[in-house]
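Per Swiss-Prot, the features are as follows:
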- 33-53: transmembrane segment (TRANSMEM)
- 77-98: transmembrane segment (TRANSMEM)
- H83, H182: heme b b562 binding site (BINDING)
- H97, H196: heme b b566 binding site (BINDING)
- 113-133: transmembrane segment (TRANSMEM)
- 178-198: transmembrane segment (TRANSMEM)
- H201: ubiquinone binding site (BINDING)
- 226-246: transmembrane segment (TRANSMEM)
- 288-308: transmembrane segment (TRANSMEM)
- 320-340: transmembrane segment (TRANSMEM)
- 347-367: transmembrane segment (TRANSMEM)
Amino acid sequence: MANLRKTHPLLKIANDALVDLPTPSNISAWWNFGSLLGLCLISQIITGLFLAMHYTSDISTAFSSVAHICRDVNYGWLIRNLHANGASFFFICLYLHIARGLYYGSYLYKETWNIGVVLFLLVMMTAFVGYVLPWGQMSFWGATVITNLLSAVPYVGDSLVQWIWGGFSVDNATLTRFFAFHFLFPFVVAGATMIHLLFLHETGSNNPVGLNSDADKIPFHPYFSYKDLLGFIIMLTALTMLALFYPNLLGDPDNFTPANPMVTPPHIKPEWYFLFAYAILRSIPNKLGGVLALLSSILVLMVVPILHTSKQRGLTFRPASQLLFWILVADMLVLTWIGGMPVEHPYIIIGQVASVLYFSLFLVLNPLVGWLENKMMNW
């Protein structure tokens with residue numbers, strides 16, 4: 001009799017994706033981040049569900065309900081710290097996962113890549129609406145500033161902002177709908193993840209040398225299931241350490257003050273994982289231009305496959321392109337630093353230079369160097 005795992009309609013799907021999946025034998029630890037992102041999503045949904053049981057999405061009680069969770073609910077402080085810092089780990093894994101895709105040319109699987117970019121945008125939206133929920137000062141003013149950017153849309157901008165706010169300012173209606181969105185989006189993300197995996201399994205995984213690996217495949221289980229398990233243990237250990245020893249390290253002190261529409265914080269800034277995009281937004285002294293640059297900073301990822309000029313897939317054997325890749329990493333770090341700094345000299349000009357470099361690397365320098373490397377190979 002055939003194994004149930006291989007014949008049962010439901011189990012067969014899981015088996016083909018997680019057990020008998022033919023996997024390149026040489027994929028490195030950089031291929032762990034996909035499963036780590038899955039773990040982050042599951043952990044965020046579970047902790048978020050328990051937080052939602054005690055949270056109230058009303059401006060008069062939201063801040064107090066979060067304090068109540070931390071003080072009075074059994075292990076509420078732990079659940080909240082795991083959820084807040086879990087978001088940081090989610091984005092760390094996301095950036096490393098995208099960086100891996102850029103380095104090894106995984107973006108040439110166009111459907112998988114583009115759904116990945118959509119997933120990235122969805123996770124960013126989820127994190128943004130979630131940051132508003134504790135209704136602290138930075139929650140309120142972050143929501144005000146970022147939603148206000150939509151007023152830059154020609155003709156319909158102001159109506160659009162008021163429609164999202166549900167009134168003439170960020171108020172109770174805004175908080176209530178943001179809670180609804182924050183509850184819904186993770187499930188949309190989970191659905192999109194399934195499509196992401198569906199397209200990935202049409203082609204199979206890429207690998208560090210960027211060559212066809214059909215001749216050298218091994219089953220996912222036990223080899224990579226255990227390798228992923230090691231990654232899980234490392235990440236969960238790091239998350240637990242952060243949540244227990246330094247729970248407020250990455251948060252903003254302003255969020256310990258309840259939201260007050262009459263007092264503006266001296267420096268309005270988002271969570272650390274949005275600072276690079278925020279720096280690009282602020283680098284352009286025009287509202288609509290800034291909003292377009294902000295959108296482009298993420299959507300530029302969608303044109304990467306179109307601008308691939310090299311005859312080789314990854315950067316493994318392309319030192320000049322490797323240099324550009326690490327310049328991009330450094331540039332992202334500089335933008336992250338600038339995003340958290342006040343708008344004054346010399347930060348303004350540093351941010352503008354870093355922003356120009358960011359787009360130049362994607363749109364001009366990388367395709368150019370890829371083309372040059374082809375010429376050098378023929379030489």
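Quick reminder: no glycine exception, Cβ is built from N, Cα and C everywhere.
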Out of H83, H97, H196, H201, which of the binding-site residues has the smallest number of neighbouring Cβ atoms within 10 Å? H201
For the residue listed as 'ubiquinone binding site', which of the binding-site residues H83, H97, H182 has the nearest Cα in space? H97
Grab the same-chain neighbours of the transmembrane segment (347-367) for me: Cβ-Cβ under 8 Å, and only residues 6 or more beyond its ends, written as numbers and ranges. 279-280, 282-284, 293, 296-297, 300, 303-304, 307-309, 321, 324, 327-328, 331-332, 334-335, 338-339, 341
I need to check the long-range neighbours of the transmembrane segment (113-133): which residues 6 or more away from its ends have a CB within less than 8 Å of a CB in the stretch? 55, 57, 62, 66, 87, 90-91, 94, 98, 101, 106-107, 139-140, 142-143, 146, 174-175, 178-179, 181-182, 185-186, 188-189, 192-193, 195-196, 199, 270-271, 273-274, 298-299, 301-302, 304-305
Highest Cβ pair tally under 8 Å against the transmembrane segment (178-198), stretches 33-53, 77-98, 226-246, 288-308, lands on 33-53
As a whole number of Å, the Cα atom of H182 (heme b b562 binding site) is distant from the Cα atom of H196 (heme b b566 binding site) by 21
Do me a favour and check the Cα-Cα span between H97 (heme b b566 binding site) and H83 (heme b b562 binding site); whole Å is fine. 21
Near the Cβ of H182 (heme b b562 binding site), how many other Cβ atoms are there if near means within 10 Å? 22
Can you tell me which parts of the same chain pack against the transmembrane segment (77-98), counting only residues 6+ beyond its ends and a CB-CB cutoff under 8 A? 30, 33-34, 36-37, 40-41, 43-44, 47-48, 50-51, 66, 69-71, 116, 120, 123, 127, 130, 235, 238-240, 242-244, 247, 250-251, 271-273, 301, 332
Report, in whole Å, the straight Cα-to-Cα distance of H196 (heme b b566 binding site) from H83 (heme b b562 binding site). 24
